[in-house]
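Have a look at the structure that comes next, please.
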Amino acid sequence: MEKKLKSWQGWLLFCGAMAVVFVLGLVVSSLMERRAETVSVFNNKRVEITGIEARNEVFGENYPRQYETWKETAKTDFKSEFNGNEAVDVLEQRPEMVVLWAGYAFSKDYSTPRGHMHAIEDITHSLRTGAPMDDKSGPQPSTCWTCKSPDVPRMMEAIGVDSFYNNKWGAFGSEIVNPIGCADCHEPTNMKLHISRPALREAFARQGKDIDKATPQEMRSLVCAQCHVEYYFKGDGKYLTFPWDKGFSVEDMEAYYDEADFADYTHALSKARILKAQHPDYEISQMGIHAQRGVSCADCHMPYKSEGGMKFSDHHIQSPLAMIDRTCQVCHRESEETLRNNVYDRQRKANEIRGRLEQELAKAHIEAEFAWDKGATDVQMAEALKLIRQAQWRWDFGVASHGGAFHAPQEIQRILGHGLDKALQARLAISKVLAQHGYTADVPMPDISTKEKAQEYIGLDMEKERKAKGKFLKTIVPEWLEKARANGRLAKL
């Protein structure tokens, strides 16, 4: 005989079922409401955007939430133990770096990076770009604009990629006026993520990969990899190229450059042919546990937020340490203090090796110059210069990736450790050369305890540099902006 439910049990089951249905209804309603709001955003655009629209303010008319958070990249109020979003004079903090870059523009000026809204302002004010008074002068090619503005793909489309690269930096000052923004990463009609610059697409193609087959989650990192990577200016045309053909590691790229017999510059003191790393953030991040587990750049640097029932990516791109509750704690249950200290612990260890490497490498350059002055020959110095090149490449590769000590801490410590070893080997090789010329005492070291002293030692006339830059900023830049406004390159909203 079947057991019958008691009356109260039946009512309990009924009420429970109704509660489940009610909760599910709320969830579905919320999802439908959010979907409807998303559809409403696309169906009720205030302006139609077609082609490459470089003016970020125009996108802001249709996507105010994203635009308002993007404008927050102008803020400079966050500082962590080692980084932040304010411009800090790194050469002032680490004067040895002036010596490491002797003969290269970075010895004049190098600060920590600010947010995307400052991209045009910072490159224009940097002493590294010089003071070009016309379209044909100045130390840098127009390739230096490539990652600074959505005006770049617009110009590439207008005049061709090769023609864009094969010009002086000052040639497009009145055209490249909008800072990094919407069109750099988004299709204008549907806002899908896209690749707006050729170098990444070309690098994939050379490896036999089709970047158009990337998943949406992969694209949340690949749009960043258009710029946050290692690259170089290839040939006389200064064609921007990623050295990925042999792989992502520091050794793979070194082999690529060695095979091409490439150097960014010849060091003014040691005469070593130096490789200048850019910012291999993407490559190093791919060697870390987060990327290997499928976490994208945007997951941590552009976390989701909700406003008025609308979920969207926060376009205030910044360090995840500034918003641990919306980044790290989405997956990790530890306290903010614990998670922050986990990051700092990794950074401190890498920073310790970095400091030692910079000191030894600066001494190697100075000792190499001393050896040349004592009559050393090219043959005698060959091994030492090779070791200096290898040591500095590893130092720069580790340092230029600002988040590398967190993204892939073991790899960064390995790279810096190998760099330190090679710097010490270089100093030993130089001492043997000096011994051949009858010199066995310690090489006298100059006072490079401040940025100013180091710059004077390597022969820079900083007063002249700053004076020329000041004149450029007062005369040429206003002309660029006036012309840009007249041609409608800047928004009038």
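Positions of Cβ are set from backbone N, Cα and C atoms, glycine also.
A quick note: this is a predicted structure, and the numbers were derived from the prediction, not measured.
Below are the features listed in Swiss-Prot for this protein:
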SIGNAL    1-25  signal peptide
BINDING   H116, C224, C227, H228  heme c 3 binding site
BINDING   C144, C147, K148  heme binding site
BINDING   C182, C185, H186, H315  heme c 2 binding site
BINDING   E230, Y231, K276, Q278  Ca(2+) binding site
BINDING   Y231, H279  substrate binding site
BINDING   H290, C328, C331, H332  heme c 5 binding site
BINDING   C297, C300, H301, H407  heme c 4 binding site
What whole-number distance in angstrom separates the two most remote CA atoms of the heme c 2-binding residues C182, C185, H186, H315?
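The two farthest binding residues have Cα atoms 13 Å apart.
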Using the Cβ centroid of C144, C147, K148 as the reference point for the heme site, which residues of the same chain not in that list have Cβ within 8 Å?
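Everything else in range on the chain: A119, I123, T143, W145, T146, S149, V152, C227.
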Around the Cβ of C224 (heme c 3 binding site), how many other Cβ atoms lie within 10 Å? Please give the count over every shown protein chain.
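Counting Cβ neighbours of C224 (heme c 3 binding site) within 10 Å gives 21.
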Can you give me the residues near the recorded heme c 5 site, meaning same chain, not H290, C328, C331, H332 themselves, Cβ no more than 8 Å from the center of the site's Cβ atoms?
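In sequence order, the nearby non-listed residues are V295, C300, T327, Q329, V330, L339.
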Any idea what DSSP makes of C297 (heme c 4 binding site), helix, strand or coil?
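Reduced to three states, the DSSP call for C297 (heme c 4 binding site) is helix.
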Over all shown protein chains, what is the count of other CB atoms within 10 A of the CB belonging to H116 (heme c 3 binding site)?
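Its Cβ has 22 other Cβ atoms within 10 Å.
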Determine, for the heme c 3 site, the additional residues of the same chain whose CB lies within 8 Å of the mean position of the CB atoms of H116, C224, C227, H228; present them in sequence order.
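Going along the sequence, the neighbours appear as C147, I180, V223, A225, Q226, D281, I317.
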Among the binding-site residues K148, H279, H301, H332, whose Cβ has the fewest other Cβ atoms within 10 Å?
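Candidates: the binding-site residues K148, H279, H301, H332. Fewest Cβ atoms within 10 Å: H332.
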Just to verify: the residue among H186, K276, H315, H407 with the fewest other Cβ atoms within 10 Å, which of the binding-site residues is it?
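Counting other Cβ atoms within 10 Å of each of the binding-site residues H186, K276, H315, H407, the minimum falls on K276.
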In the structure shown, which of the binding-site residues C144, C182, C331 has the fewest Cβ neighbours within 10 Å?
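If we count Cβ atoms within 10 Å for the binding-site residues C144, C182, C331, the smallest count is at C331.
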Rank aside, I only need the closest one: which of the binding-site residues C147, K148, H290, C300, H407 has its C-alpha nearest to that of Q278 (Ca(2+) binding site)?
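Going through C147, K148, H290, C300, H407 one by one, the Cα closest to that of Q278 (Ca(2+) binding site) is C147.
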